[in-house]
Amino acid sequence: MSPKTETKASVGFKAGVKDYRLTYYTPEYQTKDTDILAAFRVTPQPGVPPEEAGAAVAAESSTGTWTTVWTDGLTSLDRYKGRCYDIEPVPGEESQFIAYVAYPLDLFEEGSVTNLFTSIVGNVFGFKALRALRLEDLRIPPAYSKTFQGPPHGIQVERDKLNKYGRPLLGCTIKPKLGLSAKNYGRAVYECLRGGLDFTKDDENVNSQPFMRWRDRFVFCAEAIYKAQAETGEIKGHYLNATAGTCEEMMKRAIFARELGVPIVMHDYLTGGFTANTSLAHYCRDNGLLLHIHRAMHAVIDRQRNHGMHFRVLAKALRMSGGDHIHAGTVVGKLEGERDVTLGFVDLLRDDFIEKDRSRGIYFTQDWVSMPGVLPVASGGIHVWHMPALTEIFGDDSVLQFGGGTLGHPWGNAPGAVANRVALEACVQARNEGRDLAREGNEVIREASKWSPELAAACEIWKEIKFEFDTIDYL
């Protein structure tokens with residue numbers, strides 16, 4: 001028997017408990033191109049050395065358990081075990097460390113985000129030796145990412161389908177999110193699309209409630225889309241939320257949306273689950289539907305900076321599981337989002353190759369090879385005065401989504417949509433002329449409002465609205 005294949009069974013089994021670091025802390029290890037790499041923010045319990053804590057994370061998220069077991073001798077642990085290969089202190093924190101763990105590719109089922117997360121974060125977060133644990137980033141090697149379909153269509157194909165280029169897309173979430181009848185809901189959709197928006201949207205918790213069953217909503221929204229398209233000459237869409245209590249029901253709703261001829265459906269990928277999301281993404285590619293993704297429940301997982309999982313990991317997982325849009329915060333609105341960190345995971349969603357950049361929270365260089373990109377959606381507490389900043393921060397390949405910032409217009413829904421479209425077109429034109437939107441944005445909006453009474457009214461109603469709270473997620 002060669003040394004490489006020698007097992008404990010061949011040299012004698014020794015029962016008992018030993019430190020994780022004796023087996024799973026390997027600072028001499030050279031990572032492979034095919035390894036999945038993880039960066040964990042580790043807060044050990046008092047008295048637990050960082051090497052032991054990092055090794056425990058590697059062990060409990062791969063092949064290890066609390067004691068030596070006889071069946072270790074029936075396989076090659078060196079081939080399959082996770083390895084903590086580096087540990088570094090977190091600046092400014094006395095008892096916090098970044099532990100880097102490498103996982104062999106063979107630990108994971110191909111094309112399954114469900115299995116990936118079950119292995120890496122499924123059990124170890126309750127480990128008693130740790131006070132807190134946060135997964136900050138993952139490096140997904142091309143050898144693994146190529147086993148996923150990824151987004152149903154991607155950014156370029158979506159633009160070609162919509163015939164819309166050179167600017168961000170405009171959306172609106174219909175409000176109130178709950179309580180409208182299907183017909184009144186469809187009326188609001190029509191008014192917003194007629195006013196100049198590209199998309200309207202079901203809110204994340206609009207599924208099939210007693211006041212508005214899903215089939216009725218789908219029919220009235222489809223009618224609104226076709227009427228608005230006929231009047232404006234532009235392709236329009238409404239994110240019909242297919243999220244349901246079972247995968248079978250979800251697929252039934254997606255199939256009905258396709259039969260109506262609408263361009264896009266929607267899914268709540270965290271509450272719905274990665275298995276359901278991947279199934280829906282495959283259906284959408286096969287049937288020409290775009291897929292909008294809402295991240296409902298994400299803050300339960302990602303908001304605490306010491307424990308949980310950073311959204312950049314959830315964003316990478318979504319790109320593999322499949323989605324053409326995903327909500328990504330705003331930096332400037334009512335929801336959490338620090339600028340450099342937000343732009344870091346926005347690049348991870350859109351770009352093919354993203355260099356390691358710790359200043360933006362990117363721990364590993366990520367190469368997506370040929371996987372299509374995902375459009376980030378800026379949504380939450382934004383209005384026309386935010387348009388210059390949003391255009392400058394997110395660029396053309398994004399969706400800017402104004403719910404209350406459309407439907408809260410003093411003159412109604414269609415004028416609210418007009419105001420947003422005029423503001424966007426003015427900002428894009430100013431940018432293309434070389435003006436600095438960061439410094440001149442308010443002046444650009446004021447100039448445009450002279451020619452648009454709808455925009456002028458919106459500017460007046462929201463001129464004092466600000467959401468000024470410090471972010472709690474920082475590097």
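Cβ from N, Cα, C; glycine included.
Per Swiss-Prot, the feature N-acetylproline maps to P3.
For K14, the entry in Swiss-Prot reads N6,N6,N6-trimethyllysine. In the shown protein chains, 8 other C-beta atoms lie within 10 A of the C-beta of K14 (N6,N6,N6-trimethyllysine).
According to Swiss-Prot, the substrate binding site annotation covers N123, T173, K177, R295, H327, S379. All protein chains included, K177 (substrate binding site) registers 14 other Cβ atoms within 10 Å of its own Cβ.
Spatially close to K175 (active site, proton acceptor) yet at least six residues away along the chain are D203, G403, G404, L407, G408, judged by Cβ distances under 8 angstroms. The active site, proton acceptor annotation in Swiss-Prot covers K175 (among others) and rests on sequence analysis.
Residues or ranges marked as N6-carboxylysine by Swiss-Prot on the basis of sequence analysis: K201. Cβ neighbours of K201 (N6-carboxylysine) (same chain, under 8 Å, six or more residues apart in sequence): G171, C172, T173, I174, H238, Y239, M266, H292, Q401, G403.
For K201, D203, E204, the entry in Swiss-Prot reads Mg(2+) binding site.
As annotated by Swiss-Prot, active site, proton acceptor applies to H294 (among others), with the evidence given as sequence analysis. With a cut-off of 8 Å between CB atoms and residues at least 6 apart in sequence, the same chain places E204, N241, M266, H267, D268, Y269, I326, H327 near H294 (active site, proton acceptor), listed in sequence order.
Look at Swiss-Prot and you will find K334 tagged as site 'Transition state stabilizer'.
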Protein Cβ atoms within 10 Å of T173 (substrate binding site), excluding its own: 24
S379 (substrate binding site): secondary structure state under DSSP, collapsed to three categories: strand
Any further residue of that chain within 8 Å (Cβ to the Cβ centroid of K201, D203, E204) of the recorded Mg(2+) site: T173, I174, K177, D202, N205, V206, Y239, N241, M266, H294
Protein Cβ atoms within 10 Å of R295 (substrate binding site), excluding its own: 23
Neighbouring C-beta atoms (10 Å sphere around the C-beta of N123 (substrate binding site)): 11
CB contacts for H327 (substrate binding site) [other CB atoms within 10 A, all chains]: 21
Packing count at E204 (Mg(2+) binding site) (other Cβ atoms within 10 Å of its Cβ): 20
Cα separation, S379 (substrate binding site) to K14 (N6,N6,N6-trimethyllysine) (Å, whole number): 58
